[in-house]
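Sequence annotations record features per position, and here TrEMBL assigns domain 'STAS' to 516-673. Taken from TrEMBL, the feature transmembrane segment covers 73-97, 103-120, 166-193, 200-221, 241-265, 277-298, 334-354, 366-383, 403-423, 461-488.
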Amino acid sequence: MMRPAAQQYVVTRPLYSEESFAQDHEKIYRHRKTMLDHVKQYFTCDAKRAKNTALSLLPVIGWMKAYRFKEWLLGDIVSGVSTGLVAVLQGLAYCLLASLPPWYGLFSAFFPVIIYFFLGTSRHISVGPFPVLCLMIGSAVTRLVPDEGPAFNITGFEGLTRDEQRVLVASSVTFLAGIMQLAMGVLQVGFVVMYLSDTLVSGFTTAAAIHILVSQLKFVLGLEVPGISGPLSLIYTLEIIFNKITSTNVCDVVISIVIMVVVFIVKEINDRFKSKLPVPIPIEVIMTVIACGVSYAFDFKTRYGIDVVGYIPKGYEAPVAPNPQIFQETAVEAFPIAIVGFAVAFSVAKVYSIKHDYTIDGNQELIAFGVSNIFGASFRSFAASTALSRSAVQESTGGKTQVAGLLSAVIVMIVTLAIGFLLEPLPKSVLGAVIIVNLKGSLMQFREIPYLWRRDKADCVVWLSSCIGAFLLGLDLGLAVGLGVELISVILRTQFPRCSLLANIRGTDIYKDRKDYINIYEPEGVKIFRIPSPIFFANIEFFRNKLVEAVEFNPLRVLRKRNKALRMIRKLLKKGKLQWTSIGFLNTSCGPINESEDESNMEELDQPTDFKDFPARIDWNAELPANIVVPRVEIHSLVLDFAAVSFLDISGLKGLKALLKELIRVEVEVYIVPQHTKLHDCSFFDDEVQSSMFYLTLHDAMLHILEKHPEPTQKKSDYEKIMTGVTVHHPPGSLRSRDRNVGISLKLCFSLFMVFEK
């Protein structure tokens, strides 16, 4: 809490409009680059730019130069081994989500990691399979190659087994997603991920966790459930599971429950004592090894009919070309895969970059993941991103750079080339149980709903829409639904902003919403209207309606009424039924104006009131002759606070100018704070709408109004209360002698004084 200042002073300055401020203070001319300048700069090449481009395309060069072998190498080795063991297990487990043979998950944990080592900018994320992406790929795979019935009629499927067809589909979808990511990176459109808000991603990943949970029930229960894709696939899958629930393999259920309980308990211990444990206990790896040994020793496959991982071939398969026909069939699925894969990886990378104080490049990340997926798909891997749990292991076990990632790939390679056969007796129910336990974090996101509802109902609607959409319609359509609702919410917030009337806080130069404060001052006949959004084609009519509601009259209607009244008065004067005297109009007899009269020429009614043939101007707020009734205008000044108006488009400018003219024509003085440069560029000003209406601050505009329209004597004290200075606190001795003697008289009918306490 700030103590009362030892020194204080009141700053006085002239009252500034935008014009007077520009006269007193010269602006620096800044040359603004044209589109042609940007194009020339983009294609200009020199030695320095070539070097920077090479370093940006190969970030490994930059951080390897600064690599501290003595400090970082041991941590990277420990982290690489730990992460590699987890990557092996997750590769096998997540491959089940993609409806592929388990060993192909090892390919996805190897090839993309090698490419990301050279091209990626994050030093801590662990690249490889991500469960949501695997499920999205599995949806495309089961759609083209279903469990039951014939596959799609695609050239290249001839002579292939069902598993080989599925691998071809998965690799082709991954290749296409990689091309999309690479194209977006080259075109520098990494900003598109910003449209996926945290709320949308949270709702989407929660629904994805439910999909993953349901997809693993068949392994946990030991049931044969065909893969179903498309809208309501989750409901149909649950229906099949419930119909077959009596065929559950009890041994699978027991194994799954034991694995889930043990893994859950140890994970809770890891979380609670993470500050005391040197490395997290790799319980998934431990339980997998134990389950493999027990399954092999007791021959679970033969004795209990348990489904196991089975044969794992040694080595890597020859590269395969993607199928262009599959591109055509899966383009709709590939795009959300590309976006979600990058969005998740970039979000995790950003968390670790902030924690460890280095920068990441979104466009370079797109290029890195694009090339990783293209390269990996050529060797039959599927789409790679990052899993938060695996990245947490890599970071928490001492990983400092992607050297740890490279070593984890080496561990995966050793398993693939040498010891993969040891995992052949591993029950698939173990993998399913491990996947389900790791869904805890995603499923617990349901707790965000009450918080979002209390804090921001629009965000809560986005969360529920993305979650329910993905739950019912599938992940690809669900993402589209969530994104659509999110964009609609942004449009609605911009199109229908919360406009407000402001008032002066007594004794200050501060203006706040009049509904929020008690001790406020509002001069009679003055309104201050604030719009907190851009003014453009979609909300200009809303802005107009809100302003009319705030000032409590329709300027166009008032203008037409006044012009109709002038017509009638001219007719009465011409007929001699109305005479002008020194005390005003004197009429003999006349009925009220007929509202439907003279409707033929409406354009003339919209023109400024013309008093050229009248002996004096008419006071429209006084009683009019011949029982003529015109709506009263209770204000003489209107201040528009445009501080939050970030841009105006052509439609907004036209609508704003028309509204200003209507107000000016009914004798309301309009002031705008502050001025927008676009108004000058678009020839906004004319004889009626002049640049002199723009003021530097709300307080400047208010002081000008009060000088021009002084308050009545009984309200003089209120008038003086807003004529305040700005109090600034300084430590002793911080003011220069030149500053202590500065005083500028305020150009008003009164003066402000300066007080210095030395």
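Glycine is no exception: its Cβ is also placed from the backbone N, Cα and C atoms.
Relative to the transmembrane segment (73-97), the listed stretch 403-423 leads the set 103-120, 241-265, 334-354, 403-423 in CB pairs under 8 A. Contact counts against the transmembrane segment (200-221), taken as Cβ pairs under 8 Å, peak for 334-354 among the stretches 103-120, 334-354, 366-383, 403-423. Counting Cβ pairs closer than 8 Å and at least 6 residues apart in sequence, the transmembrane segment (403-423) and the transmembrane segment (103-120) reach three or more and so form a contact. Counting Cβ pairs under 8 Å to the transmembrane segment (334-354), the top-ranked stretch among 103-120, 166-193, 241-265, 366-383 is 166-193. Remote same-chain residues near the transmembrane segment (241-265) are listed as 214, 217-225, 283-284, 287, 291, 300, 304-307, 427, 429-430, 432-434, 436-437, 440 (criterion: CB distance under 8 Å, separation of at least six residues from the stretch ends). Sequence-distant contacts of the transmembrane segment (166-193), counting only residues of its own chain at least 6 positions beyond either end whose CB sits under 8 Å from a CB of the stretch, comprise 98-101, 104, 137, 140-141, 144-145, 156-157, 160, 320, 322-323, 326-327, 330-331, 333-335, 337-339, 341-343, 346, 361-378, 380-383. Tertiary neighbourhood of the transmembrane segment (366-383): same-chain residues 57, 95, 98, 100, 104, 107-108, 110-116, 119-121, 127, 129-130, 133-134, 136-137, 167, 170-175, 177-186, 190, 316-317, 319-322, 337, 341-342, 345, selected by CB-CB distance under 8 Å and a gap of 6+ residues from either end.
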